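This report refers to the structure that appears directly beneath it.
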């Protein structure tokens with residue numbers, strides 16, 4: 001492969017040419033200065049990056065040794081004393097309040113769903129950006145949120161019986177979200193706007209008003225017969241679409257043809273766990289899509305029902321306010337970008353000594369450069385109206401690593417001529433050392449932080465790896481009931497509120513991983529806003545629309561205010577180790593656990609390694625489709641490695657299980673023409689060997705991360721195909 005030397009950086013030609021030909025020409029940034037500054041950042045900060053990773057390993061060695069001598073901690077005071085002694089658990093400083101400035105309301109004050117989407121896939125990225133609004137009728141009709149009983153089957157064509165149930169559900173929702181005086185929404189016959197108020201006439205001819213006139217936010221069309229009514233509740237919008245020409249509208253007394261909800265308020269465009277980018281060629285795909293999003297010209301041809309069309313970013317729409325004055329409603333999700341963490345290095349660029357550069361530094365510099373199309377001196381200001389860039393930084397271990405990310409961002413700002421603290425930071429609370437030192441982590445980024453989020457999946461993977469030597473872990477399905485989990489979730493909210501995040505930043509909760517089970521999500525995920533989270537992750541635009549209903553039912557700002565006086569969750573609970581005290585699992589239970597873990601690992605890894613797909617819906621052992629990414633992979637691999645280490649299972653048992661479940665995964669992928677079967681090809685299947693590595697060498701992986709194995713095996717496969 002060819003490289004271009006720029007100030008001591010040997011950049012792969014495909015990446016260099018992308019920067020020089022596609023990114024830099026549209027910006028008021030001198031190319032030579034950019035590369036000189038980029039090189040200085042890499043050469044100054046890469047040694048610090050390496051030192052922080054070495055510290056992770058040093059701490060793990062000490063913790064492993066302690067567990068070998070003591071087992072799972074019985075005396076929590078003694079355990080905490082040890083963690084303080086080695087510098088794992090740090091002293092907590094005085095109280096403070098974050099001081100982040102120029103934060104868009106989508107993050108600072110609007111509570112609502114958040115999508116995480118692989119930015120490597122242009123279609124998914126566009127769908128997510130456009131998921132700021134979604135049809136509640138469609139979301140209910142097309143999912144199991146409405147049961148298919150009593151003749152309400154989905155079918156291949158429109159089922160009026162099902163439609164009636166959807167409409168009834170939505171009318172009940174409107175009765176609680178924007179109630180009318182002396183009238184139910186099911187009895188509405190017409191709308192008009194008079195004297196700055198929404199006037200409703202019932203099918204009986206009676207006039208009614210909104211119980212709270214502040215719920216009326218605007219309209220489109222003629223005031224006497226509007227085509228769109230905009231309502232607002234708890235800071236987020238509802239749009240009622242009136243159109244008698246449609247099948248639904250014609251049959252409706254008020255000609256309501258649809259009800260749309262403001263849905264994915266924010267979206268994380270992901271360069272990390274949901275993608276498979278292992279070389280310069282892959283990274284250019286990532287960066288090119290981010291460029292299209294920042295320039296506003298990303299497009300993708302989409303084939304549907306025998307025809308195709310070009311999907312682009314939705315434009316904002318003009319509405320008339322209650323007073324008749326025009327205003328604009330945002331129709332795109334506010335975009336954050338998730339860079340990779342501090343661990344990985346990339347072959348896309350080599351430093352002056354021939355070392356691969358830290359990928360997190362590369363991401364910060366290049367995604368930051370591209371963001372100038374939105375926030376630079378001549379930026380569009382179509383993503384961030386306040387001129388901020390939002391970077392989610394994952395997998396950081398403790399405040400020293402957060403401070404290092406702050407230093408990277410500062411250096412990038414200087415290189416790009418941006419004011420200090422333009423680049424905001426989202427802190428993923430997904431590593432144990434960050435959790436227990438969360439207040440100090442936030443302090444390290446107090447002028448930049450816009451987001452803290454519990455990542456149950458990665459956090460469980462780190463929990464298992466950190467305490468690998470303590471004993472065999474409880475079964476994976478029992479982990480959600482472990483003492484540390486609820487304490488961790490509450491602690492994140494408690495610390496966030498203590499540090500003044502309310503009204504300034506997001507306090508987030510994790511992913512609903514079952515995209516087909518929307519009825520269950522509607523029932524259960526309301527727990528997130530009730531717990532004080534003003535955002536939570538959803539797996540699809542449809543899920544975002546359904547989850548948005550929870551933010552109409554729960555006033556998160558009020559919940560947060562009520563939680564400020566709650567006693568902080570206990571550190572001792574967070575530090576409790578989820579080992580099985582007296583494991584008495586039957587052979588059948590052990591095998592079922594192995595089967596379930598192996599199936600998830602293989603189903604995800606085979607598509608990652610063979611096809612470069614970083615996020616997959618993988619059927620579990622009960623045939624429930626689960627969203628799998630590297631975080632879920634980390635749990636499953638570490639869990640199997642833990643049981644192997646503590647002799648709950650044998651290596652032979654794991655290999656037999658993997659081989660048997662490979663055949664199951666092969667059958668599940670039989671309809672995919674690009675799929676390469678693993679069964680009968682175990683020695684030559686690079687994907688199967690990667691899955692085995694993740695388990696059999698799980699204890700050796702840094703903090704239990706899966707990226708080193710996946711990247712190595714994917715590069716091996718790509719090299720094999722180009723040989």
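Positions of Cβ are set from backbone N, Cα and C atoms, glycine also.
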| said: Going by the glyoxylate site in Swiss-Prot, where 338, 455, 456, 457, 458 are listed, which of the candidates 359, 430, 431 is also part of it? | reply: 430
| query | Which residues of the same chain, at least 6 positions away in sequence, have a Cβ lying under 8 Å from the Cβ of residue 430 (glyoxylate binding site)? | reply | 394, 395, 453, 454, 455, 457, 458, 459, 462, 631
| In angstrom units, rounded to an integer, how far apart are the Cα atoms of residue 274 (acetyl-CoA binding site) and residue 615 (cysteine sulfenic acid (-SOH))? | 5
| Using Cα coordinates, what distance in whole Å links residue 615 (cysteine sulfenic acid (-SOH)) and residue 629 (active site, proton donor)? | 5
| query | To the nearest whole angstrom, what is the C-alpha distance linking residue 456 (glyoxylate binding site) and residue 629 (active site, proton donor)? | reply | 13
| remark: Neighbouring CB atoms within 10 angstroms of the CB of residue 629 (active site, proton donor), all protein chains considered, total 24
| Assigned element (helix, strand, coil) containing residue 629 (active site, proton donor), judged by DSSP | coil
